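Student: Below are the features I grabbed from Swiss-Prot:
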BINDING   Ser162, Tyr167, Arg238, Thr263  2',3'-cGAMP binding site
BINDING   Ser162, Tyr167, Arg238, Val239, Tyr240, Thr241, Thr263  3',3'-c-di-GMP binding site
BINDING   Tyr167, Arg238, Thr263  2',3'-cUAMP binding site
LIPID     Cys88  S-palmitoyl cysteine
LIPID     Cys91  S-palmitoyl cysteine
MOD_RES   Ser354  phosphoserine
MOD_RES   Thr355  phosphothreonine
MOD_RES   Ser365  phosphoserine
TRANSMEM  21-41  transmembrane segment
TRANSMEM  46-66  transmembrane segment
TRANSMEM  89-109  transmembrane segment
TRANSMEM  114-134  transmembrane segment
Amino acid sequence: MPHSSLHPSIPRPRGHRAKKAAFVLLSTCLAALWELGEPADHILRWLVLHLASEQLGLLFKGLCSLAEEIRHVHSRYQGSYWRAFRACLGCPIRCGVLLLLSCYCYTFLPNTAGLPFAWIVALLGLSQALNILLDLQGLAPAVVSTVCEQGNFNVAHGLAWSYYIGYLRLILPGLQARIHTYNQRHNNTVRGTGVHKLYILLPLDCGVPDDLSVADPNIRFLHELPKQSADRAGIKGRVYTNSIYEILENGKPVGTCVLEYATPLQTLFAMSQDSRAGFSREERLEQAKLFCQTLGDILADVPESQYCRLIVYLDAAEGSSFSLSQEILKHLKQEEKEEVTVGTMGSSGVLESSTLDKEPQLLISGMDQPLPLRTDVF
């Protein structure tokens with residue numbers, strides 16, 4: 001299930017609108033300079049000089065960062081000063097080229113301000129020092145979020161992969177066999193192909209009670225599936241269990257399914273309650289959305305996705321009339337409709353192919369003489 005269909009509030013991955021806006025800004029500035037009537041060579045000279053100043057300032061900033069990283073060269077860079085240098089200043093060839101280009105621009109291009117080269121370098125160093133001390137060039141939250149998403153540095157990314165690799169990938173392949181074993185013992189309690197899945201609840205507010213009946217009294221625990229055991233990380237016969245719940249409507253059972261919360265959301269909630277984690281409520285909501293997005297993207301590319309269904313919801317956004325049991329019933333009915341549609345399309349395709357695959361048959365009349373095509377001769 002793609003993340004865009006999980007819940008309307010889950011954000012899409014960031015695109016390239018910032019670069020498009022930069023292109024519009026570039027065009028606007030070029031048009032403004034053209035209207036001002038400045039000579040093209042004069043504009044180009046100042047542009048190159050300004051870019052050289054910015055790059056030289058970034059080199060100064062990188063050197064200040066290098067002073068801190070040298071303290072951690074053994075713990076962070078395995079004792080390699082070269083790796084610490086590259087981490088702060090990037091490619092050394094690029095740094096050398098930019099430094100030579102900056103020196104060339106300041107030496108050979110006309111200096112309209114009349115300042116010596118040493119003065120310009122000192123002013124650049126002064127400005128970068130003030131930027132670092134006063135944090136004048138701190139990254140905006142949107143920039144930090146973009147960097148974390150593009151580099152997969154978010155807490156939610158690690159939690160989603162851990163949840164899939166350490167849990168879902170282990171239990172989902174054998175889930176239908178365990179449900180079949182359970183049905184043999186309990187007179188087919190879990191009926192219908194649509195319910196032979198693991199329904200995973202994903203509340204975006206990370207409210208994960210240990211008892212589902214606390215979240216909604218119309219969700220009633222029924223039984224446990226047969227246990228599954230596996231050797232994991234030195235633990236012999238680690239046991240995995242799943243629970244079957246009955247969904248009630250007007251006091252009567254109307255559905256049965258294997259149901260549970262995604263436990264990493266409970267971790268996010270606990271982090272937001274612990275001041276040592278430095279995790280605000282807004283950050284928790286953002287990470288919960290990214291967790292659902294990442295988990296949906298992971299499951300979209302693996303065969304185990306056919307054995308589970310994600311139910312994403314947000315109580316506050318849905319209003320006070322929101323009912324978790326009704327939300328689960330909606331997904332159960334939708335799952336059945338999808339499977340009926342797929343089954344109907346498959347059967348019609350089989351019928352068509354079987355009809356077309358038949359050998360052609362000759363229809364031979366029992367009359368001695370052939371009949372004309374016209375009917376007015378009789």
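Cβ from N, Cα, C; glycine included.
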Student: Please report, as numbers and ranges, the same-chain residues at least 6 past the borders of the transmembrane segment (21-41) whose CB is under 8 Å from any CB of it.
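Tutor: Residues packing against the transmembrane segment (21-41) from afar: none.
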Student: Any residues 6+ beyond the ends of the transmembrane segment (114-134) with a Cβ under 8 Å from its own?
Tutor: 53, 56-57, 60-61, 64, 106-107
Student: Roughly how many Å lie between the Cα atoms of Arg238 (2',3'-cGAMP binding site) and Cys88 (S-palmitoyl cysteine), rounded to a whole value?
Tutor: 45
Student: Taking the Cβ of Val239 (3',3'-c-di-GMP binding site) as the centre, how many other Cβ atoms fall within a 10 Å radius?
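Tutor: Its Cβ shell of radius 10 Å holds 9 other Cβ atoms.
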Student: Taking Cα atoms as reference points, which of the recorded positions Cys88, Cys91, Tyr167, Thr263 is nearest to Val239 (3',3'-c-di-GMP binding site)?
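Tutor: Closest by Cα: Tyr167.
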Student: Roughly how many Å lie between the Cα atoms of Ser162 (2',3'-cGAMP binding site) and Tyr240 (3',3'-c-di-GMP binding site), rounded to a whole value?
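Tutor: So the Cα of Tyr240 (3',3'-c-di-GMP binding site) lies 16 Å away from that of Ser162 (2',3'-cGAMP binding site).
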Student: How big is the Cα-to-Cα gap, in Å, between Cys88 (S-palmitoyl cysteine) and Thr263 (2',3'-cGAMP binding site)?
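Tutor: So the alpha carbons of Cys88 (S-palmitoyl cysteine) and Thr263 (2',3'-cGAMP binding site) sit roughly 38 Å from each other.
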Student: If you draw a 10 Å sphere around the Cβ of Thr263 (2',3'-cGAMP binding site), how many other Cβ atoms fall inside it, taking every protein chain shown into account?
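Tutor: Around the Cβ of Thr263 (2',3'-cGAMP binding site), 12 other Cβ atoms lie within 10 Å.
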Student: I'd like to know which of the recorded sites Cys88, Cys91 has the most other Cβ atoms within 10 Å of its Cβ.
Tutor: Cys88
Student: If you measure from the CA of Tyr167 (2',3'-cGAMP binding site) out to 10 Å, which recorded positions from the list Cys91, Tyr240, Thr241 are inside that radius?
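Tutor: The recorded positions passing the 10 Å Cα test are Tyr240.
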Student: Between Tyr240 (3',3'-c-di-GMP binding site) and Cys91 (S-palmitoyl cysteine), find the distance joining the two CA atoms and give it rounded to the nearest Å.
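Tutor: Roughly 49 Å, rounded to the nearest whole number.
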Student: Which ones in the same chain are close to Thr241 (3',3'-c-di-GMP binding site), with CB under 8 Å and 6+ residues apart in sequence?
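Tutor: The answer is Glu224, Leu225, Lys227, Gln228.
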Student: With a radius of 8 angstroms around the mean position of the C-beta atoms of Ser162, Tyr167, Arg238, Thr263, what other residues of the same chain does the 2',3'-cGAMP site pick up?
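Tutor: So the additional residues around the site are Tyr163, Gly166.
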Student: Please give the 3',3'-c-di-GMP site's span as the largest CA-CA distance among Ser162, Tyr167, Arg238, Val239, Tyr240, Thr241, Thr263, to the nearest whole angstrom.
Tutor: 18
Student: In the same chain, outside Tyr167, Arg238, Thr263, whose C-beta lies within 8 angstroms of the Cβ mean position for the 2',3'-cUAMP site?
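Tutor: For the 2',3'-cUAMP site, the extra neighbours are Gly166, Leu170, Ile171, Tyr240.
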